[in-house]
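Annotated in TrEMBL:
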type	residues	note
DOMAIN	238-281	domain 'Cationic amino acid transporter C-terminal'
REGION	310-329	region 'Disordered'
TRANSMEM	20-44	transmembrane segment
TRANSMEM	64-85	transmembrane segment
TRANSMEM	114-134	transmembrane segment
TRANSMEM	140-161	transmembrane segment
TRANSMEM	182-201	transmembrane segment
TRANSMEM	207-227	transmembrane segment
TRANSMEM	234-250	transmembrane segment
TRANSMEM	256-278	transmembrane segment
Amino acid sequence: AVCVLSEEVEKPTVVIPRAIGITISCTATLYALVSISLIGLIGVDQINPLTPIYSAFQYVGLDWAAIVVAVAAVTCSITATYGTSAGQPRVFYRMGKDGLLSPKFTKVNSKGSPFYGIFWTLVITVIISALLDFDILNQAISAGILLMQGLVCVGCVLRRIRRGLPRSSEPLYDRVDKEARICLAALIIVLIIAGLCLQGGHSSEIAVYVFLCVYAAGLVAFFYRGWRLMGSNVLSLIVPVAAVTVNIFIMASLGWLAFCIVLAYFAAGSVIYFGYGIRHSAMNGLRLNGGGGGLDVEMEDIIRMASKSMSIADSSSSSSEAAAPGGGM
């Protein structure tokens, strides 16, 4: 949510990283202090994972404190919901600017708020929360976030191992060589199967170990091939590959219904993109029309600046890799 609001911040390159760092630091510190306090108050075995603080005060006989915690939890849930949902209308707004959604999403009211995106965010949120059980919804949201972050990490890997990738003028599938496609697909499939086997209990432990061994062998082969092509620069892939591994394993450990929900809204997004967005995309209009076609001027400037900076980064990285011993592609 913080990153999505960067357009509404002065000096976003300074403010946004600082805000993220302060937020994560404060949250981690508070969680650690509360956890230590609960362990000292009632012990690990007595902690209720669903309502830890409320149950802890009830356990020691402080009912008035439990009531205060319950009221605070309800109040904080309202602000937390607002904070997490504040970014989605801005996503709709930017997608409308890029042509991926209807231009109606770019309209703002007198106070500068994207009211059309806010309205549809409210409608979708109410419908989903009314129809789905909370536990299932929680798993589906977790799976969706993990899927999104996993795709971002896979994109980082592909971008890093193939410096000469075209921008957007041809399908992504055609931009990666056959070996890389097979390697990544096999690793992901093996890890998903291992996670699904993990749900079967102790009877599936052998299958899990076998699949994890295959996955580890695939990672070794992947990094060995990367070392031959990139030299020591292959070490930059450790973080995204580790993130993909953890994300997919956690996703596979979730319930089947959560997977079905994720696939459903993934399919809905694909229908919207291939049915509307791909034909109205500002990026395609800029490429096909030579920088015109009635596109939003701000979007044209952003695209040109991004393309220029990426080209400069690719050129400098390629030069440094070629100069490094054993580096370059």
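Cβ coordinates are placed from backbone N, Cα and C, and glycine is handled just like the others.
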Listed stretch, out of 20-44, 64-85, 140-161, 234-250, that has the most CB pairs under 8 angstroms to the transmembrane segment (256-278): 140-161
Per-state residue totals over the domain 'Cationic amino acid transporter C-terminal' (238-281) - DSSP helix, strand, coil: 40 helix, 0 strand, 4 coil
The domain 'Cationic amino acid transporter C-terminal' (238-281) [mean pLDDT, rounded to integer]: 78
Same-chain residue ranges lying at least 6 outside the transmembrane segment (20-44) that approach it to Cβ under 8 Å: 2-3, 52-53, 56, 59-60
